[in-house]
Amino acid sequence: MRNSFKIMTALALGLFAMQANAKFKVVTTFTVIQDIAQNVAGNAATVESITKPGAEIHEYEPTPKDIVKAQSADLILWNGLNLERWFERFFQNVKDKPAVVVTEGIQPLSIYEGPYKDAPNPHAWMSPSNALIYIENIKNALVKYDPQNAAVYEKNAADYAQKIKQLDEPLRAKLAQIPEAQRWLVTSEGAFSYLAKDYNLKEGYLWPINAEQQGTPQQVRKVIDLVRKNNIPVVFSESTISAKPAQQVAKESGAKYGGVLYVDSLSAKNGPVPTYIDLLNVTVSTIVKGFGK
């Protein structure tokens, strides 16, 4: 009996020690926030995403495993701006966990047509300057809920913010190669408003947001007319949706199909955009290449 008690005590102490030494755990709603948060957290915390690489995030359907994952977190980070329309109902099943919106302080652009007209465009991370606000909000959340690692988070956030700031000039130089008369970015989803605003591009798209009907005859006809009227040479699609509507527009308008852009999700680690910085670089390079520059 005495030996059994000693064993149980040792196991309990061991479990307590493991819990005491366990890293702070962050769960995010999608992979872009996961990568930004991991850069801020460094080795002081683990960061996991509910949605997997390549997943469609707007109308994601959470699973019981996702609830378990969120319940195991010390902190949950989500985008807000009506991106994750599933999140608030999902969060009702998660008890006593802090959830922080990482877009606080961003000036949102409005969706200008469709059922979501005048609602905020949620894809704010497509502006590097907005990414700095994401970094600051994530850092503040980590410092608040894991203060013992505050110095680590402060340093990592400053270092990562500097990397993001250094992206702007090369991205701007690449996009400046597109002639003024051709500076139209035509895509499937209207997810590039922030990128277009930052880098002086006009925007056209088949549907405003992925919750909409996608690739209806009316949408396709509207964009075909836009492309023809403005002599737009290239049309793009995005990685998390079908390319067929954009390809149809290209075929019927005489434009070129320029390939896949990345916005709503990172790729797997062995894919083309395993990080947020890769997402911006590859997307801009694909745009410029599509224009033949």
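A Cβ is built for glycine as well, from the same backbone N, Cα and C atoms used for every other residue.
Annotated divalent metal cation binding in Swiss-Prot involves His58, His123, Asp264 plus, out of the candidates Glu189, Glu203, the residue Glu189. Within the set 23-48, 127-152, the record from Swiss-Prot flags 23-48 under the feature region 'Interaction with host components'. For the binding-site residues His58, His123, the greatest number of Cβ atoms within 10 Å around a candidate Cβ is found at His123. Residues 55, 57, 69-70, 72-79, 83-84, 87, 102, 125, 131, 134-135, 138-139, 142, 145-146, 149, 152-153, 156-157, 160, 264-266, 274-276, 279 of the same chain, all 6+ positions outside the region 'Interaction with host components' (23-48), place their C-beta atoms under 8 angstroms from a C-beta of that stretch. Mean pLDDT for the region 'Interaction with host components' (23-48) in this predicted model: 99. When the region 'Interaction with host components' (23-48) is classified with DSSP, helix, strand and coil residues number 14 helix, 9 strand, 3 coil.
A coil conformation is recorded for His58 (divalent metal cation binding site) in the three-state DSSP classification, outside any helix or strand.
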